[in-house]
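S.K.: Checked TrEMBL, it gives:
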TRANSMEM  A:9-28  transmembrane segment
TRANSMEM  A:48-66  transmembrane segment
TRANSMEM  A:78-95  transmembrane segment
TRANSMEM  A:107-129  transmembrane segment
TRANSMEM  A:136-157  transmembrane segment
TRANSMEM  A:195-219  transmembrane segment
TRANSMEM  A:239-265  transmembrane segment
TRANSMEM  A:277-301  transmembrane segment
TRANSMEM  A:321-338  transmembrane segment
Amino acid sequence: MIDDIDRRTVLGILGALTALWIVAGLVFPDSWAGVLLSITASPSTHTAMLRLAVPIALAALGGIFAEKSGVINIGLEGLLIVSAFSAIIVTFWLGSGESTMLLSHHWWGFAVGVLASTLFALIFAIVCIDFKADQIIAGLAVWLIALGLAPFASRIVFDSPNTAGVGRFQNVTIPVLSEIPFFGYLLFDTPPQVYLMLGATAVGWYLLNRTAFGRWVVASGENPKALDTAGVDVRKVRYAAVVLSGVFAGLGGAGFALGQLGTFAGGGETAIGGRGFIAIATYLFANYHPIGALGGSFLFAGLEALQIQLQNLGYAVPTELIRTIPYVTVIVVLVFVGKTRLPEAAGEAYDSDED
Amino acid sequence: MRDDIERLLDRLVHASVVERVVISVAALFAAILVGGVLVFVSGGFASCRAGLDLAGATFCYNPMQVYYELFLGSLGHPLGGDWTPMNYSLATTLRQTTLLIFAGLSVAVAFRAGLFNIGTQGQLIVGGMLTAVTVLFAASYVPGGFVGTALLVPIGVLAGAVGGGFYGAIPGALKAYANANEVITTIMLNFIAIGVTSTLLSWRFQDPDSANPQTRPVPEYAEIPNLPFVGFSGRMDFSLLALGFAIALMIAVAWLLARTSFGYELRTSGTQPEAAAYGGVDEKRMTVASMTLSGALGGVAGAFWVLMQHGYWLENVPPLGFDGIAVSILAGNNPLGVGFAALLFGILSSGANSINTATDVPPELVGILSGLIILFVAMPEFFRMIGRRYVDVGDPAPVRADGGEADD
């Protein structure tokens, strides 16, 4: 019905609009375009963008592995909540600012956060792969359980759905490299979770595109029967991919909690506030490409950073409307831009007929 | 004796309707069991003056007491003295039941057509807001009193249905004409609904006399009226008339699905799309129609939430639409089953209040319980494996998101 528009055309149009905006901003620095341009170009917006991108990029990376293998993981939001919350609470229990076995308690909390998310992903994998549950329903269940569990546990410990503050990760500054003009401060003088995000994206891209495991993951989602015929256990590949999605989402949730939030609000939508769903939007937008998903998360996190900066400067911003932009984008991409296609066997349990 | 039991179990596992009921009940008990263990264990981390001392730790929470409060507290403690059927807890339970019947029906209708509508929440938000705005607008043209009620309530409910139906038609059309996965689009549209309604609220409809983000209240005569003499008191925000309407609508939807040609075509396109297409069903139009109907039911839930519970629309919408998914799944997407499942979730929701007042256990337990119920209902294979240890069961046929049977 609707003609697919080439991704390049879309990028071209966006590029032209951006160029127009930059010119307008430079010529009329007092206009809206000029103010927006100066904020967009300010270093504090860039650092905020990188930090806000962490949960989105890492959850999206996890979602790519799970969905590529044929298991749609709608529960990413739940994994982010679980890892963020448990990282904070464990750091609090151990006592923030101290260390055990030469490792600061923030890192112990971080490790437990990743472990908790991995454990949840493992349960999700068992339910979907061995018990052949509907993946969408099971994913929703993971989200709802996490949504209840975080404020539940928080009330027991803190008597409130919000946890106490535990402080944040310090910036890690790499000498010499951080002195590089323009982007040195951005990439080499930043809290550890940003390094983790960039590193994990590179590892994820390599794993998916350059290794046998990556090929198995893709085959398991597109044509599990063929993979089975080739002698690879589809069940094991899917287990590995889903557990990996838990590890990545856990890195994102725990890193965001300890590096950015420093506390966890468990009421309502929780402090994660739908970032797991933005992650789903992001990887669909990027058509399952890990580096594209990183770029997409920069885009969506950049919008959030921009809006926060505008509000700090006292501009009246339709916050709620700006928040819908990622969601509108993904619908537009799904509808008008071709080639975003779910893997052939995504959502279906695979039965090897060997029982 | 053993043969009899085996035959009974055999029949239970093979009959599909009975099987779904068995699985739902088993899932409920499994969730209660896991929830009980969670309550007991987390009691070991809480601090209290008196508790159960075991292996050097003090366990503060008693799961039996929690479930006692959850299930009997939500009915107003019928076993205690001076119990009246018109108590506040029971009113809360039945109010939630009413709203969840609408939300559950919304999800069930889409499920039966082979579509997973996660967007009931968004349709409810949009429908509810349109209800409040329309009634506020119409109230200035309509006389008060009985005539006002008789005109404004139907107008409000209709506005909710139109708003929700329109918002449900969007993912339906996107699915039919652009092949966009409805699971993804409805999730995204939920967030868009929140953003757009909040923006509209602060732009035009905010109540100037209130610090809360909410619309002006509708006139009292535009709220759902209570039955005189036999009904609950007006302060309890529940009307038996609304529950009666919900049950009537439930029967109507069941009749629509089971006895009309539209219902037959809807179910066929859910279970066997190819057969439906050969039978002359326009698949695209059916997709849009069933999503519109589903959205309209979600919008009606929003209308009753506005006109029965609050009298105004507010930004902080409870997750009724997501609970509706749980209700529909627990009911096996059967419209008549939705009534029972809605009552159970109504009890859970009202019981959360009793847990909060009568025990130290956090009321968020109820959210965990509903998540666990969904998780267990989603894995019938788990219960079949347990069942298979006792009887030989035929081929497994898992429940699918689209409500159809698995095709192997």
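One is the number of the first residue shown, and numbering goes on along the chain from there.
Every residue gets a Cβ built from N, Cα and C, even glycine.
Since the structure is predicted, the reported quantities are computational estimates derived from the model, not experimental observations.
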S.K.: Going along the chain, which residues at least six beyond the ends of the transmembrane segment (A:239-265) come within the CB cut-off of under 8 Å?
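M.R.: Those are 51-52, 54-59, 61-63, 65-66, 68-69, 71, 73, 76, 79-89, 91, 106, 109-110, 113-122, 124-125, 128-129, 150, 154, 161-169, 191-194, 196-197, 200, 204, 213, 217, 220, 271-272, 275-276, 279, in sequence order.
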S.K.: Other than its close neighbours in sequence, what residues sit by the transmembrane segment (A:78-95), given a CB gap under 8 Å and a spacing of at least six beyond its ends?
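M.R.: Non-local partners: 55, 59, 62, 105-106, 108-110, 112-114, 116-117, 120-121, 139, 142-147, 149-150, 153-154, 157, 163-164, 166, 245-246, 249-254, 256-258, 261, 263-264, 266, 270-272, 275-276, 279.
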S.K.: Does the transmembrane segment (A:277-301) come near the transmembrane segment (A:48-66), with 3+ Cβ pairs under 8 Å (pairs 6 or more apart)?
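M.R.: Per Cβ check, the transmembrane segment (A:277-301) touches the transmembrane segment (A:48-66).
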S.K.: Among the recorded stretches A:136-157, A:195-219, A:321-338, which has the greatest number of Cβ pairs closer than 8 Å to the transmembrane segment (A:48-66)?
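M.R.: It is A:195-219, which has the most Cβ pairs under 8 Å.
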S.K.: At a C-beta cut-off of under 8 Å, are there same-chain residues at least 6 beyond the transmembrane segment (A:136-157) that contact it? List them, or none.
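M.R.: Residues 72-75, 77-79, 81-82, 85, 89, 92, 120, 123-124, 127-128, 163, 264, 266-267, 270, 276, 347.
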